[in-house]
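The block underneath contains the structure these notes are about, expressed in structure tokens.
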Amino acid sequence: MAYDDLRSFLHALEQEGQLLRIPDEVAPEPDLAAAANAAGRIGEGAPALWFDRVTGFTDARIVMNVHGSWRNHALALGLPKETPTREQVEEFARRWDDFPVTPQRREDAPWRENAVTGADIDLFDVLPLFRLNDGDGGFYLDKAAVVSRDPDAPEDFGRQNLGTYRIEVIGRDRLALQPVPMHDIAQHLRKAEERGEDLPVAITLGNDPVVPIVAGMPMAYDQSEYEMAGALRGAPMPIATAPLTGLDVPWGSEVVIEGRIESRVRQIEGPFGEFTGHYSGGRRMPVVRIDRISFRSNPIFESLYLGMPWTECDYLVGPNTCVPLLKQLRAEFPEVRAVNAMYTHGLLVIISTAKRYGGFAKAVGMRAMTTPHGLGYVSQVILVDEDVDPFDLPQVMWAQSAKVNPAEDVVVLPNLSVVELAPASHPAGITSKMIVDATTPVPPDVRGNFGTPTKDLPETPAWAERLRSLLAVR
Ligand SMILES: Cc1cc2nc3c(=O)[nH]c(=O)nc-3n(C[C@H](O)[C@H](O)[C@H](O)COP(=O)(O)O)c2cc1C
Ligand SMILES: [Mn+2]
């Protein structure tokens with residue numbers, strides 16, 4: 001089941017009992033953020049939250065926590081809501097292999113219904129803005145998908161990028177945007193600024209549920225997020241041409257903001273409570289001048305709470321980080337079995353792999369650090385054998401406790417790159433990285449006393465069946 005816009009997905013969530021309409025009038029601060037924060041604390045099945053009675057706003061529709069549970073993540077992929085997490089990751093990996101699926105261009109985009117331009121632009125008229133964490137420096141658009149093109153190859157569809165980057169509203173028609181240097185929009189902006197040109201952008205808000213998944217997904221620079229959306233949806237992604245910039249934007253967006261990142265201009269942005277469970281400080285960031293806002297009638301404002309895990313952000317960037325790392329590693333090391341990159345957007349990653357020879361697992365760990373995502377994340381890698389499930393944390397802890405000889409199996413690499421947001425980096429953006437090799441040594445690595453492992457008895461699976469059926473007839 002492919003959804004073409006946010007509205008049809010919200011309808012499906014409601015049918016499945018996975019959208020909760022908050023009946024009472026609530027305060028924009030702190031209620032909206034606190035409710036979404038709480039959704040991350042009430043367990044696996046949390047619903048999306050819908051608010052339309054918000055003090056001070058005459059006409060607001062706000063939705064949060066749309067991807068904020070494994071049930072909602074499954075439904076976003078068109079899977080049954082009870083699909084176990086591990087199966088969601090495996091199905092995601094199968095669909096990845098259908099990439100690329102050419103998008104479908106459509107004309108009659110619903111966001112063409114309304115537009116404001118030039119001096120009439122006031123973002124506060126269009127969006128019911130509110131703050132998330134107590135210490136945030138301002139109002140944020142934190143679930144937008146931002147489109148930009150490579151100034152050196154504007155016709156190259158694959159190099160056109162769709163990405164989620166946090167955006168602070170710093171004026172009626174001005175925004176500050178945080179491009180992490182490892183990310184694609186940072187490359188586009190660097191090229192534009194080298195030419196002394198502005199970078200045109202389209203900021204799309206309130207999208208079909210696969211758009212935030214691909215926009216936050218670490219693919220290669222020249223891979224199109226739209227062509228990946230088609231693979232994940234199982235149907236071509238509907239796109240439309242943005243009227244001012246000509247950028248390709250999702251057909252079904254609630255709001256499309258067009259403008260330019262002004263060349264070589266920086267302004268203070270932040271602080272903002274981040275996915276690391278810590279605030280980033282205020283830092284100088286690029287500035288967007290808004291030239292046009294197109295929007296559907298009665299637009300829905302979608303936002304996401306983030307802070308100390310787990311929050312919606314962790315569900316959103318869980319599978320979509322595991323699968324690219326798995327595919328990128330397997331391209332060179334087919335021995336890699338599974339990748340769990342669910343912790344703090346893959347700052348810590350667990351990889352299970354078979355080994356060709358001694359030292360092999362450590363090489364896999366080093367490669368993980370130089371994938372597109374690894375350059376800015378992946379500061380700790382735990383490697384486990386091929387028969388250990390990296391999603392089963394007790395098994396991983398067994399492997400680490402039983403197989404690791406710290407002086408020989410822990411490798412620390414100094415002075416590597418990481419996102420500045422990593423709270424332990426020092427200076428910000430530089431960190432040491434660690435490989436923990438919790439695999440069983442193989443020749444010529446002959447260390448340890450691993451020759452006589454206990455394995456489950458051959459009769460154990462039959463007994464498990466027998467116990468289950470005895471329990472069932474009680
Ligand atoms: C809610 C959310 C907020 C994010 N904020 C930022 C951000 O401010 N800056 C940034 O560079 N990446 C941010 N990311 C991460 C990127 O979207 C993600 O790493 C993506 O893979 C980058 O895509 P790219 O390689 O096409 O640039 C955010 C992701 C999510 C889900
Ligand atoms: Mn990209």
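Cβ from N, Cα, C; glycine included.
The Cβ neighbour count for His183 (Mn(2+) binding site), using a 10 Å radius over every protein chain in view, is 22. According to TrEMBL, the feature Mn(2+) binding site maps to Asn161, His183, Glu225.
If you look up TrEMBL, you'll see Met182, His183 marked as prenylated FMN binding site.
What TrEMBL records for 11-90 is domain '3-octaprenyl-4-hydroxybenzoate carboxy-lyase-like N-terminal'.
The feature domain '3-octaprenyl-4-hydroxybenzoate carboxy-lyase-like Rift-related' is assigned by TrEMBL to 106-309.
The domain '3-octaprenyl-4-hydroxybenzoate carboxy-lyase-like C-terminal' annotation in TrEMBL covers 315-438.
The domain '3-octaprenyl-4-hydroxybenzoate carboxy-lyase-like N-terminal' (11-90): residue composition by secondary structure is 27 helix, 12 strand, 41 coil, according to DSSP. Looking at Asn161, Met182, Glu225, the binding-site residues in this record, the fewest other C-beta atoms within 10 angstroms of the C-beta turn up around Met182. In the three-state DSSP reading, Met182 (prenylated FMN binding site) counts as coil.
The Mn(2+) site, placed at the center of the C-beta atoms of Asn161, His183, Glu225, has further neighbours from the same chain whose C-beta lies within 8 angstroms: Val146, Ser148, Leu162, Gly163, Asp184, Ile185, Ala215, Met219. Rounded to a whole value, the Cα-Cα separation of Met182 (prenylated FMN binding site) and Asn161 (Mn(2+) binding site) is 13 Å.
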